[in-house]
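Asks: My questions all concern the structure below.
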Amino acid sequence: MAGISGHWAFAFGVLGNIISFIVFLSPIPTFYKIYKKKSTEGYQSIPYVVALFSSMLWIYYAFLKTNTILLITINSFGVFIETIYVGFYLFYAPKKARVQTVKMLLLSVVGGFGAILLVIQFLFKGSIRGQIVGWICLVFSLCVFVAPLGIVRQVIKTKSVEYMPLLLSVFLTLSAVVWFFYGLLLRDINIAIPNVLGFILGILQMVLYKAQLLS
């Protein structure tokens, strides 16, 4: 049974990589609009900064665990593509948004990740490192799913879905389902639990999108 469970976990992991790859690429139309208009307008950088930080944490977690190559592959791509997105955003953002984004980068990617790395490496040993980083990953994965709520609030306020791409919501929901089962099969709650919230919030965004179109 353990072998069968392992095969299913690998299958869901591969599928999760494929869907997450699409999720990481789904903002491309958004950035094409930014490029065409030469301005970030109402788009926010929070989801991309948080996703970058989260991917970095998951890579660190994966190196502390075993049989996690599928986490390493997709999150390595995540770090690469999110870095491009953030750089692109900074190039076209107005001064206020650019300053806010730089502050977030310094606080999370430089300060936050650096502090976590130093504390874990120097104060903890053995398997406890993986457990603590896993808890941190769990929390920040929840932040990744919660980050778009700012856009949801904007949609409700402006009655416009322009800044909440449906494609991204759909693939985030699918990704949450697949990674939930991957974590469940590996008996890794740090992977499974955040994706429950991811599924709920993904459905919420799609329902809101449909409601705004019908209103």
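The first residue you see is number 1, and the count goes up from there.
Cβ atoms are placed via backbone N, Cα and C, with glycine included.
Reproduced below are the annotations present in TrEMBL:
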| type | residues | note |
| --- | --- | --- |
| TRANSMEM | 6-25 | transmembrane segment |
| TRANSMEM | 46-63 | transmembrane segment |
| TRANSMEM | 69-92 | transmembrane segment |
| TRANSMEM | 104-124 | transmembrane segment |
| TRANSMEM | 130-151 | transmembrane segment |
| TRANSMEM | 163-185 | transmembrane segment |
| TRANSMEM | 191-209 | transmembrane segment |
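I'm curious about the neighbourhood of these features; can you describe it?
Replies: Beyond its flanks by at least six residues, the transmembrane segment (6-25) meets 70-71, 73-74, 77-78, 81-82, 168, 171-172, 174-175, 178-179, 181-182, 185-186 of its own chain at Cβ-Cβ distances under 8 Å.
Residues 45-46, 49-50, 52-53, 56-57, 60, 86, 132-133, 136 of the same chain sit 6 or more residues outside the transmembrane segment (104-124) yet have a Cβ under 8 Å from a Cβ within it.
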Asks: Are there at least 3 C-beta pairs under 8 angstroms linking the transmembrane segment (130-151) and the transmembrane segment (69-92), leaving out pairs fewer than 6 apart in sequence?
Replies: no
